[in-house]
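*Asks:* For reference, the structure I am asking about is given below.
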Amino acid sequence: MTASQPESDSNALNKYSSKITQPKSQGASQAMLYATGMSSEDMNKPQVGIGSMWYEGNSCNMHLLDLAADVKAGVTDAGMVGMRFNTIGVSDGISMGTDGMSFSLQSRDLIADSIETIMGAQWYDALITLPGCDKNMPGCLMAMGRLNRPSIMVYGGTIKPGSYRDEKLDIVSAFQCYGQFIAGQISEEERSEIVRRSCPGAGACGGMYTANTMATAIEALGMALPYSASIPAEHPEKKEECKRAGLAILELLKKDIKPRDIMTRGAFEDAMVTLMALGGSTNAVLHLIAMARSVDVPLTIEDFQSVSDRTPFLADLKPSGKFVQEDLHSVGGTPAVMKYLLEKGMIKGEHMTVTGKTLAENLADLPGLKTGQKIVSTVEEPIKKSGHIRILKGSLATEGAVAKITGKEGLQFSGPARVYDNEELMLAALEQKQIQKGDVVVIRYEGPKGGPGMPEMLTPTSAIMGAGLGSDVAMLTDGRFSGGSHGFIVGHITPEAQVGGPIALIEDGDTITIDAETNSLDLEVDAAELEARRSKWTAPPLKATRGTLYKYIKCVKSASEGCVTDE
């Protein structure tokens, strides 16, 4: 059974909701809808599900209930019925460095499942979602792809930067000040002030971290209105965008433009180029693969390497640079960047978008980057001539790994392994000064099944950066790295340790070599020794044996397959 194929007039704007609003046999359905305040006239109107990831406990999401009200007002003004509903969210910033991080990636698929569930059960004709934090965005798009009903994503927007002693702060400042403190570089009073001032209000983490990366990719993909990714959360333009979404979704209904008409192979290509140029998070690899699979578009980790090879890294945005998303909006925003990429022939812009026009048609009517801006370099003088995301393979990652290398760290690293079976052990070693320059830190059993949930390693990378070792230490994991992570880092190593991947066989002192020019990741141990180690290896017990994480362990695919759970 599929809820996406009702028996009704295929040309009607209410072809889904009419399944319950029109038949006399569905009187009970209609009685309950009348109870919500709908009128007899409303029963003939299209119904739009408005899915918000609002919850109070996270700055990224705490304002979404108000934005959902603005979206509903726009839907009502457009002559339709808006029905708000909520789904879950997990704050990566709050759960980072704790066992709570195991629930983060899993929340992406729960969001997709819950949106698909309510849209299918309630028979809404179209969907507008309001995500805030990292996993919210791909969760929304995966649901849209599965449902294939007219859909728009309205990003909750980015946070304003904080400030302390005339320096801009963001969430990564709050992470890194711990490493600075244990290294004796700042006092406890300074550390406390940085923490208090890093997040001054509502909105997602301010740099080109995962939330802004995914919002940017989704705008380039065509599933959000122009400027959605760069308008700050508390800017008046964000409320205006919410209200415009009503008329936009009406046009999609009239033209019967659906996610699978927009999310084409060409759209994913343009999205990948855009995020590479802006220095987006490695998490985009995982999420775009999952989104593509939801619409049956083939996309692999090798495709990211192909795009990276031909796309220069242009944007001086945090975490590797000094600007934040609000700064980018002030010089033209996401559309201005894409307009420049289109002019340079780096994206094609041929795919349909939620405006009912192609991306190129949208950009033709919008201004370019402001003259004299310092955030986005030219293609002729880039920060790096190729992309920062590298797909590595070798004896340590036979099925692939994802590195984030901007060029500031160098392109090769070789050194002795320092192996830790969880991030807590690594942090303890750092505090005890056991990690030295030249080391390759390995944090394993943090993959999709082993973590479980492939937790992010922002706390360890931030601690290393704060301790002044960022240029002298490499870090590898079968877990993920936050969009806020920077340094010489390699994640998404597959096969993961829990299933017996080579990362499980590393011992302290083994030489590991990372080469971002040859895209290789190798464990310098001979095959006979590795085979001897494998014969003694046994998988550790699963960290979850009941409940939602156990279900996730049983269902999740590998990182190279997007960690999807519905195949």
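Including glycine, each Cβ sits where the backbone N, Cα and C put it.
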*Asks:* Asp92, Asp134, Lys135 show up in Swiss-Prot as binding Mg(2+); which entry in Glu424, Glu431, Glu446, Glu456 does that record put in the same site?
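*Replies:* Matched candidate out of Glu424, Glu431, Glu446, Glu456, per Swiss-Prot for Mg(2+) with Asp92, Asp134, Lys135: Glu456.
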*Asks:* Looking at [2Fe-2S] cluster binding as recorded in Swiss-Prot, which candidate out of Cys133, Cys140, Cys242 goes with Cys60, Cys205?
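*Replies:* The candidate from Cys133, Cys140, Cys242 that Swiss-Prot ties to [2Fe-2S] cluster along with Cys60, Cys205 is Cys133.
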*Asks:* Can you tell me how many other Cβ atoms are located within 10 Å of the Cβ belonging to Cys60 ([2Fe-2S] cluster binding site)?
*Replies:* 30
*Asks:* Cα-Cα separation of Asp92 (Mg(2+) binding site) and Cys133 ([2Fe-2S] cluster binding site), in Å?
*Replies:* 8
*Asks:* Could you list the residues of the same chain, at least six apart in sequence, whose Cβ is under 8 A from the Cβ of Cys133 ([2Fe-2S] cluster binding site)?
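*Replies:* Spatial neighbours, sequence-distant, of Cys133 ([2Fe-2S] cluster binding site): Met53, Asn58, Cys60, Asn61, Gly89, Val90, Ser91, Asp92, Ala204, Ala211.
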*Asks:* Taking only C-alpha atoms and a 10 A limit, tell me which of Asp134, Lys135, Glu456, Ser482 are near Cys205 ([2Fe-2S] cluster binding site). These are the recorded positions.
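*Replies:* Matched recorded positions: Asp134, sequence order.
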*Asks:* Reduced to three states, what secondary structure does DSSP give Glu456 (Mg(2+) binding site)?
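*Replies:* Glu456 (Mg(2+) binding site) sits in a strand per DSSP.
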*Asks:* Which are the residues of the chain, Cys60, Cys133, Cys205 excluded, whose CB is within 8 A of where the CB atoms of the [2Fe-2S] cluster site average out, their centroid?
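*Replies:* Not counting the recorded site residues, we get Asn58, Ser59, Asn61, Ser91, Asp92, Gly93, Gly132, Asp134, Ile159, Ile171, Gly203, Ala204, Tyr209, Ala211.
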*Asks:* Could you round the CA separation between Lys135 (Mg(2+) binding site) and Ser482 (active site, proton acceptor) to a whole angstrom and send it over?
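*Replies:* Rounded to the nearest whole number, the Cα-Cα distance is 11 Å.
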*Asks:* Same-chain residues six or more away whose CB lies under 8 A from the CB of Glu456 (Mg(2+) binding site)?
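*Replies:* Once residues fewer than 6 apart are set aside, Glu456 (Mg(2+) binding site) is near Asp92, Met96, Met101, Ser104, Asn283, Gly479, Arg480, Phe481, Ser482, Ser485.
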